[in-house]
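The domain 'Potassium channel' annotation in TrEMBL covers 189-246, 272-320. Sequence annotations record features per position, and here TrEMBL assigns transmembrane segment to 56-76, 219-240, 268-291, 303-321.
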Amino acid sequence: MDKDTTVRYTVFAETTDYDEKRRGSMFDRRRSSITHLLAKPPPGLRWMSLEVWMCIKWLVAWTLYCILGALIFIQLEEPMPNGHKDVLAPHPHWKKFKELLQKQEQMEELLDLKSNLIKMCDHTFLNQSFSFELSDVDGLPVWKDWPENDKENRTTIINHQESLFADLKDVESACKESLFVVEQITHYEEVPSLIDAVYYTMTAVTTIGYGHISPTTTANKIFCVLYCLIGVPLTCIFLNKSSEFLSIKMLETYKRVSKRHPDKKVSLLYLITAFYLTLGFIVFMFIPSVAFMFIEEWTYLDSFYFTFITLSTIGFGDLIAG
């Protein structure tokens, strides 16, 4: 390698190293600026303490994570069969015959269907010849029918649609087993709504797992595993920040009160602890139980039982809200 080539290579290497350091420093400054903005409450919320702001940040992050997971869950989920049901349906020939008879169309096809239906149901109404003509009576089309073997060609005119419906129902009542077939209908579960999907993601990342909503597709099962690998630790961090906030507030209350009564520090510690435990019981157990009692129309015992099973993340699934 000659001298000029060596110089050019050295200059290129120094320039590349400088550009990488410059891009790295810009990224570090941008990251530090975002971290600085999130480290403290915004200007309009300067009255808020850092502990409250920290809890709000983690709450927003946890909520957005649950909503994002719910949207992905909906996209990956597909309707799944949920059992079969046998129902009676009109025979195709009988169904088509009724349509043509009511519309007064395609006489040739109607007569062909009639000849097939007579073999299935030997009813008086079917043992007639039909011809259509228009009538001015009430502006409704009418039918002429007469017995095939009647030489006098007796004609009966039906002026109202109700008469035809009554005759058709009479035929169906007399030949129900012949004119109806059993069809098996498959019911499909609907894809969960956004609210149900958020409900699912919340029970997944909190490890409650009621089980009434679960992934059914392969892609969704894989996503659930990966999603919970991040969501469960995120939930633990959020709960940890919340407990730290409550502990700090409890300690601040104790220090403030103990300064006024320095001779009763032990009693004050027990009293403040009992106060916060009672407050937590009221907020997280009593009030939700009363709310579920009225919303779900449960007894208070069932509501209290459901609240405890949920908060303890046992999640039997025997009682489901909503």
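Each residue, glycine too, has its Cβ placed from N, Cα and C.
Small disclaimer: the values here were computed from a predicted structure and weren't measured.
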Legend entry - Remote residues contacting the transmembrane segment (56-76) - C-beta distance under 8 A, at least 6 residues beyond either end: 38, 48, 191-192, 194, 197-198, 200-202, 204-205, 215, 217, 219-220, 223-224, 227, 230-231, 234-235, 237-238, 241-242
Legend entry - Segment-level pLDDT (mean, integer) for the domain 'Potassium channel' (189-246): 91
Inset, instruction - On the DSSP side of things, how many residues of the domain 'Potassium channel' (189-246) fall into helix, strand and coil, could you say? - result: 41 helix, 0 strand, 17 coil
Inset, instruction - Just give the helix, strand and coil counts over the domain 'Potassium channel' (272-320), going by DSSP. - result: 36 helix, 0 strand, 13 coil
